[in-house]
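Taken from TrEMBL, the feature repeat 'WD' applies to 4-37, 49-90, 235-261, 262-294.
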Amino acid sequence: LQILTEHKNEVWFVQFSNNGEYLASSSSDCTAIVWKVMEDGQLAFKHVLSSHHKPVSFVAWSPDDTRLLTCGNGEVLKLWDVETGTCLSTFGGHGFIVSSCAWFPDSKQLVCGSSEPGKGIYVWDCDGKEIKSWKGRRMPKVSDLAVTPDGEHLIVVSDKEIRKFNVETSTEQLILEAHSITSLSVSTNGDYFIVNLNSQEIHLWDVACKWDKPLRFVGHKQDKYVIRSCFGGLNSSFIASGSEDSQVYIWNRRDPKPIEILSGHLMTVNCVSWNPRRHRMLASASDDGTVRIWGPSKLNSHSK
């Protein structure tokens with residue numbers, strides 16, 4: 001439906017806000033951009049967030065959508081005011097490299113993981129005060145993390161391991177995968193999560209950790225890069241993923257093979273995000289420097 005071309009380099013991450021009214025994209029051009037979803041479904045440029053010195057590879061919306069976190073490889077974590085586009089505070093520094101970040105449901109506490117072994121995971125308030133941490137020799141490199149919508153569990157992925165921490169009791173459960181995990185996404189109801197593996201599979205697990213084995217989804221291409229997937233549609237009944245063959249893949253959660261493949265990007269699709277309120281709007285971010293917005297065709301809403 002629309003191609004957003006404001007980024008000057010590869011676009012690595014894209015995420016709709018929780019209310020579906022904004023989209024944030026981040027790029028190896030060292031910026032993030034906030035877009036506004038207009039009434040007619042078109043996206044309009046709102047702010048460019050530019051004070052990072054290195055590529056921005058990750059963004060996270062606060063649950064109340066008033067603030068946005070950005071971080072990147074070898075970069076600090078920054079907190080932004082969405083309405084004004086101003087940077088409210090900077091976290092980390094002093095060699096603390098943040099790989100990913102997430103919010104707790106109250107929009108007052110945030111958690112981030114470091115891609116350096118031993119540095120671990122930190123919970124901060126919005127003023128940068130450390131509330132809790134998991135660190136030390138046992139803590140591996142964190143490649144991605146997420147908080148369940150009820151705020152009870154923190155899910156962390158590192159190499160081939162998935163750890164689920166109970167935030168209150170600090171107890172943990174461990175799931176081992178056979179291949180390296182590049183990314184993680186939790187369903188909106190908090191019952192399931194998906195991980196992308198560099199074995200060209202996406203695995204769906206239950207957050208309660210009762211399953212012996214995951215549901216598997218195949219068809220996309222992934223062996224070299226960090227590719228991100230997401231849940232989408234009503235009741236998170238679909239899964240979408242980027243792919244190294246420049247396409248976007250969509251699965252029904254009940255079927256391991258894709259039901260739709262979207263072509264248009266010219267290079268690797270790194271990340272996808274489904275609008276949580278507009279169930280037929282999907283955004284994709286690519287190394288071709290564009291963000292594409294997908295939706296039902298104007299001619300026949302029952303076709304792709």
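Going from the start of the chain as shown, residues are counted 1 onward.
Yeah, the Cβs are placed from backbone N, Cα and C, and that goes for glycine too.
Keep in mind the model is a prediction, meaning the values are calculated, not measured.
Packing against the repeat 'WD' (4-37) from elsewhere in the chain are residues 43-50, 52-61, 63-65, 68, 70, 72, 80, 82, 85, 226, 228, 267, 270-278, 281, 283-293: each is 6 or more residues past its ends and has a CB under 8 Å from a CB in it.
Helix first, then strand, then coil: DSSP counts for the repeat 'WD' (262-294) stand at 0 helix, 16 strand, 17 coil. Confidence in the repeat 'WD' (49-90), given as mean pLDDT, stands at 93.
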